[in-house]
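The following features are taken from TrEMBL:
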- 12-63: domain 'RING-type' (DOMAIN)
- 186-228: domain 'B box-type' (DOMAIN)
- 335-392: domain 'COS' (DOMAIN)
- 398-489: domain 'Fibronectin type-III' (DOMAIN)
- 478-700: domain 'B30.2/SPRY' (DOMAIN)
């Protein structure tokens, strides 16, 4: 890809011109230095106008205007501080992503300059102006063509001026010079917060380069950092793989665009044919059907227009992937950057952009159907029922997968319904694994009923399911696909243990031992006389009847919405002995470090590996334990999922908590697995926990009985 093809990547989203001294915003988008200043001043003026005019309720962002030149001069003067001029403007609207980003206390002074992007823009300018000369900066008019540019002086010189300003035997004679250029950048990337310190580390939490002072006592003191060389190597490998993947999929994108063009033409032909057939039928009954004819034609046109719009939108999306040649070229230019600090500050956002562009290549599916078989007019009915004239299907109705009844756990249960069961003799359930690198073929299962259990699915994978109906040799179109995510590990089967630590006075187990309830009210009433002297209700623990010593395991359960406080997680055998035999005050909810309550001990022990991990659930909320990155209560309170999953990796010593409906990880941390680990539950007050039942053939038997 030539340098001229990446112009769209080098345009500032604010001024729509080539970048000039671009700065990297916290959202990783770049914007010209002058554009940041102008937008900040404009926003401040708009804020002042709104404050002085109470009758004007419009948003400041809707009334942006160019700032006056005297304010631009003031912002450029040495010693100017942004907070003194615009004390209330801390939120900056990024023109690239249209999100508000916080510039922090230092404002513009805290932003990195994107030197890699500057270098690429300079190469583009030189390619665009071809042999346009760069003139000497110090010559008396008329200036001569420059032959050298001094990186230390940040100026260009002709031969004579270079000798004058860099005389032999002086310090300036040792300056580094290159060929004529207008792009001058420092030899070493310096920290914007500590101007005398060079960048030598990369913060993995904030995704930005930092210096050693930032790590020692700055905003990144408790953050995990890595060496710049390690970050450079990791990001360069990821970016190289992304570029190779996009280039390798070029033929696939072109073939899919060609297929979309054919589908559009086929849709147009079939739509016109359906219209002609409808007109033929209506002409026979024109006097009676005139009003109905116009409504039917309108329905066909609306359906045709909707399908064409969907195909057109889909084709534009894939055309956008072809236009990403510019993105690929830009990425290739970034790979030429040899300075590790400059490369890292540019490559992260570019890597995310390329990942997003490749998401649509995972699976290709037309946005609409080309067939208009459902728009055939039925003219066989009696004249007296023509007022109820409607479309009918010339084939078999399309079955629809019931997303609420379909689920995946140890196996996948797929259920569907058919508008008219008598019209179908059998069904074929198709499924395939969704793989980013290749298009896998569909597997088929012959089904007589309206549900099927699919086993032998791979862990931690996305699967697509669809179904079609058969009537003799006639086949219906496929239903819409259902995407399900399998658990991250094999399902671990267990029941509640009624022999180890089980308090039958406070807890109630059902006969199957897969549901436990807390008898809360009676205990509180019996202890009413002691409530005035500090009595509280303690946690009652119950564990699984099977332990874990190695491997990866996953289990799921449901917590009833009315539950007051339920704690779930894992605990080692020695820790359980301490809990189940310790005094009641030792099992207070504020005594445990991972309870999700605001106990001060959590902060000091977060990094150490504990022999247990529990999260708190109550009042229809899920509470995430404290961590160095999430201490505010609003960031730690989540809506309680319908079903909660726990993934224990004994080999890596890690436990994760999932929302099983979307198979999304909500929280994870290290846990000491040196002893036997057990699924652990604790209840206080009213509450109940129901273990998720494995999917078996009895699901099908129950549905058939219903």
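Backbone N, Cα and C define each Cβ position, glycine as well.
In TrEMBL, annotation is done automatically, which means it is predicted and not curated.
Because the structure is a prediction, the values reported are computed rather than measured.
Below 8 angstroms of C-beta separation, residues 28, 106, 109-112, 115, 151, 176, 339-342, 344-345, 348, 628-629 of the same chain, each at least six residues beyond the ends of the domain 'B box-type' (186-228), sit close to that stretch. Sorting each residue of the domain 'Fibronectin type-III' (398-489) by its DSSP state yields 3 helix, 43 strand, 46 coil. Remark: secondary structure over the domain 'B box-type' (186-228) totals 7 helix, 11 strand, 25 coil, with classes taken from DSSP.
The domain 'COS' (335-392) scores a mean pLDDT of 72 in the predicted structure.
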